Amino acid sequence: MACRGGGCSCGPGHLNEDNARFLLLAALLVLYLLGGAAVFSALERAHERQAKQRWEERLANFSRRHNLSREELRGFLRHYEEATEAGVRVDNTRPRWDFTGAFYFVGTVVSTIGFGMTTPATVGGKIFLIFYGLIGCASTILFFNLFLERLITVIACSMKSCHQRQLRRRRALPQHSLKAPGKSAVGGLAGWKPSVYYVMLILCMASVLISCCASAMYTCIEGWSYFDSLYFCFVAFSTIGFGDLVSSQNAMYENQGLYRFANFVFILMGVCCIYSLFNVISILIKQSVNWILRKMGGGCCRQCQRGLPRSRRNLVMPGNISIETDGAMESDTDGQRPSDGQHPSEEVISMKDFLTANKVSLAMLQKQLSESANGCQHQPGTQPRDSEFSGGVGAFAIMNNRLAETSGDR
């Protein structure tokens with residue numbers, strides 16, 4: 001058999017494509033983490049030592065000046081740390097648990113930002129947070145997925161419209177085709193699809209524009225430097241949420257209502273754009289991993305083409321687990337592939353169709369699982385779709401499929 005994408009599924013001694021991709025990505029992530037740890041340690045460790053040394057000198061000077069023992073002073077500072085965790089600050093700050101403060105808190109919970117400057121202290125609050133966050137985070141992820149689907153649709157359709165106008169200016173596309181999209185393939189759009197690089201560029205520009213505008217606002221109102229404001233925007237929009245810088249925490253602001261509304265809008269738009277950008281970058285990472293696999297597996301593929309029986313795809317076989325998904329080949333329907341003559345009761349759930357969660361509806365997912373468990377086959381007449389946007393799981397699949405659907409009228 002021929003191996004696809006540098007992966008092999010020709011026997012127990014070889015890794016199939018999906019497992020090879022997973023292991024390679026895991027190895028690259030470990031190397032990425034090790035490299036990042038080395039860089040941050042080199043950049044920040046010296047500053048940490050200097051800050052600790054300065055603090056010890058100040059503590060010793062204060063203890064001598066006021067004739068206090070070091071133990072008494074440290075005990076007082078521990079009490080202040082406890083007060084800080086409860087939301088007490090030296091400066092005048094807004095109450096943490098009034099309605100506006102609580103609304104800001106639940107916003108950081110459901111968006112998974114989690115700045116950490118406000119946390120529930122009571123047992124009842126912690127128990128409620130578990131159930132509230134479970135439903136809220138899931139609902140927000142659903143909202144982000146739906147936003148991503150519509151954003152990609154708008155971007156792809158806009159790119160297609162611009163491409164049509166370019167062709168029309170070059171007199172390669174009839175004028176009537178702009179009013180009749182169904183005939184666009186005749187005028188030069190056959191085979192055209194929105195480039196993932198242009199989609200990434202548009203999302204990157206939108207994210208940068210929102211971050212720059214938000215940073216200008218934070219610099220004027222919060223008093224941060226512009227660089228710190230940009231840093232806060234990335235930490236907040238990417239939902240990392242360190243909590244070292246948090247907006248809208250002072251007790252009073254000039255035009256306070258307008259500022260808090262603008263802060264909410266900027267964070268919402270920024271999170272949505274960065275979430276979409278991360279998914280586009282995931283496509284590029286996936287393509288890079290596939291390219292590495294093809295380079296690494298070229299020799300193995302030639303050995304696998306000699307007379308070995310073709311293995312079944314998309315099945316989890318009892319006693320011989322083989323899960324294989326093809327990121328570049330996917331059916332247009334939600335049905336299942338034939339089970340190669342195997343009895344339905346002997347076939348376990350098709351992992352390809354189970355994992356390809358390109359439908360948001362729970363009813364569709366339940367139907368998909370039911371049909372897969374019962375060995376339902378593809379509808380006749382369907383053809384596989386080969387696109388750089390096909391494949392993926394969750395939001396990744398939503399974006400891929402939406403790009404493929406809007407890639408041009410075929």
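Note: Cβ is positioned from N, Cα and C throughout, glycine not excepted.
Remember, it's a predicted structure, so these values are computed and weren't measured experimentally.
Straight from TrEMBL, the features:
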TRANSMEM  22-43  transmembrane segment
COILED    45-72  coiled coil
DOMAIN    92-151  domain 'Potassium channel'
TRANSMEM  102-121  transmembrane segment
TRANSMEM  127-148  transmembrane segment
TRANSMEM  196-218  transmembrane segment
DOMAIN    208-285  domain 'Potassium channel'
TRANSMEM  224-246  transmembrane segment
TRANSMEM  258-278  transmembrane segment
REGION    325-345  region 'Disordered'
REGION    371-392  region 'Disordered'
COMPBIAS  371-384  compositional bias 'Polar residues'
| query | Quick one: do the transmembrane segment (127-148) and the transmembrane segment (258-278) reach 3+ CB pairs under 8 Å, ignoring pairs fewer than 6 apart in sequence? | reply | yes
| Best-contacting stretch, by C-beta pairs under 8 Å, relative to the transmembrane segment (102-121) and drawn from 22-43, 196-218, 258-278 | 258-278
| Averaged over the coiled coil (45-72), what pLDDT does the prediction give? | 89
